[in-house]
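The structure appears below as structure tokens.
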Amino acid sequence: MPADNPADTPGGHLILVVGPSGAGKDSVINAAKAELAGHPDYVFARRIITRPSDPDSEEHDTLAEAEFDRLCGEGAFFLHWGAHSLRYALPACLADQLAAGATVIANVSRAVIEEAQAKHRNTTVAFITASQAVLEQRLLARGREDRAAVRQRLARSAALPPGTSVVTIMNDGALADAVAQFLALLDGTTTH
């Protein structure tokens, strides 16, 4: 008999990766993905974004706004949100992978944490961050914003929902150290 509430459905583990711009979330995720290649228990969610692909940004699937709206209306997304004048989504098929027992890793906005927890009870937030000085240095190196804009961006820090299971990973030293922390978190989520 199916559960009345999706949050009561047993299954895998949902790892939501969040953190400030410049924390190196994509670098940590990509290194973990390479390390775990060939392990079917781990699913690294590919985001859908209303932005063209760019060699300097994460690999993602691109949708035009109208197509995004249509698919959203059809329930094609597990989660969706807006940030920085773009729209983001995770495909609905992730719910099936979670139900099958996979550990799903997804880079998301803090704004969807509570919705994700309502959809899947076995959820952990991996908060990847770095010191303010390191974040500022990394954002300035991108060359997209001046120092004042970078400082404004860093001042906007959304709080995590109360009661959220959070593991903080500091990524202001060697990338390998942050990746090791992240892999240890993932190792505790599956019986592989």
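Using N, Cα and C of the backbone, Cβ positions are placed for all residues, glycine too.
The domain 'Guanylate kinase/L-type calcium channel beta subunit' feature in TrEMBL is assigned to 11-190.
According to DSSP, G19 (ATP binding site) sits in a coil region rather than a helix or strand. Non-local contacts of G19 (ATP binding site) by the CB criterion (under 8 A, 6+ apart in sequence, same chain) comprise K25, F127, I128, T129. Residues or ranges marked as ATP binding site by TrEMBL: G19, P20, S21, G22, A23, G24, K25, D26.
Neighbours of the ATP site: apart from G19, P20, S21, G22, A23, G24, K25, D26, residues of the same chain with C-beta atoms within 8 angstroms of the site's C-beta centroid are I128, T129, A130, L135, R138, N171.
Summarised as a single figure, the pLDDT of the domain 'Guanylate kinase/L-type calcium channel beta subunit' (11-190) averages 90. G24 (ATP binding site) carries neither a helix nor a strand DSSP state and counts as coil. Long-range Cβ contacts of G24 (ATP binding site) within its own chain (separation 6+, distance under 8 Å): I128, A130, R138, N171, L175, A178. Proximity of P20 (ATP binding site) to non-local residues of its own chain (separation of 6 or more, Cβ distance below 8 Å) is seen for T129, A130, L135, R153, L154, S157, given in sequence order.
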